[in-house]
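Per TrEMBL, the feature compositional bias 'Polar residues' maps to 245-263. Taken from TrEMBL, the feature domain 'PET hydrolase/cutinase-like' covers 34-243. Sequence annotations record features per position, and here TrEMBL assigns region 'Disordered' to 243-263. The annotation signal peptide is assigned in TrEMBL to 1-30.
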Amino acid sequence: MRNRRARLLIAPLALIAALFAAPVPASATAAQASATPAVAMYRTTYGGDDADVYYPSGGTDLPVALLLQGAKVDRAQYAQYATAIARQGFVVVVPNHYRLMIVEWERYAAEHQVTRTVSWMKDTKYDASSPLYKRIDSGKMVLLGHSFGGAAGLAAAEDSCSTVFCPALSFDLPSQVKAASFYGTNNAFLGIFADIDNQIPVQLVQGTADGIAPPSDAEQTYNHLENTPKQIVRVGGANHYGITDVQSPSPAESETSAQSLTQAQSIEAAARWAGRFLRAELGDAAAADYIWNTGDAADPGVTVTGAS
């Protein structure tokens, strides 16, 4: 663990986050409709946080994906996005994490949620009363994040305790965490972009119509990721709230830049690229071929830059 001053901010603290999406090729939509599994959801509480848990109706050895929410965005706003990720073979955990930020008690993600979720997945795997009893791979976890939550995830990916995101004053990146995908996220701080010594593969998904977290800031953040694999996916026409169920969910910061996509389109595109990146980094060869070789050309709604 490396202690650092706060440097991973994403627009103002009060903002939340999110991003974009892209037009969905009809062939991709048809293929997914015929092959995707059903998803169930249940509610739980762990580490003092209420959480929604989305999971495929079948399958075992499921990796866990922790979704770190945008500032002031309620966990319920990620229902469609979390469902789309779960369909790709993940248990998606979406907590509401309240904490004091300056003088405000609100929903702000923090790094210690990562270690708490590792403990949760170990306990849940062997809880005979859980619908996930003996279905979780407790050695594999990935991170998702939106805006402020993505910035908290970037700090965690560095194995650093960054003041704004580390109220516990100490953080060690668990070995179970294998990769991360963040939406509408950058590390701009007073116009400065620090180098990011990421200890795990990182993907940034950025809407080109984002009016809260500027696309240019995401580009700079991508350039400052020091280690590969890394990737940035630009979703044409999506804005900051491209992965939430509705635009500008109250009381989060309002987006003034309209999407040219429907909410369903932006959620599908962002979830598809995030899920396949994470599966690729967990060893899925077909997902790796998509994100590094064929996906960019097959999806006219995105442009992709990456280094594997």
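Placement of Cβ uses the backbone N, Cα and C atoms for every residue, glycine included.
Annotations in TrEMBL come from automatic prediction, not curation.
The helix, strand and coil residue counts that DSSP assigns across the region 'Disordered' (243-263) are 1 helix, 0 strand, 20 coil. Taken together, the residues of the domain 'PET hydrolase/cutinase-like' (34-243) have an average pLDDT of 97.
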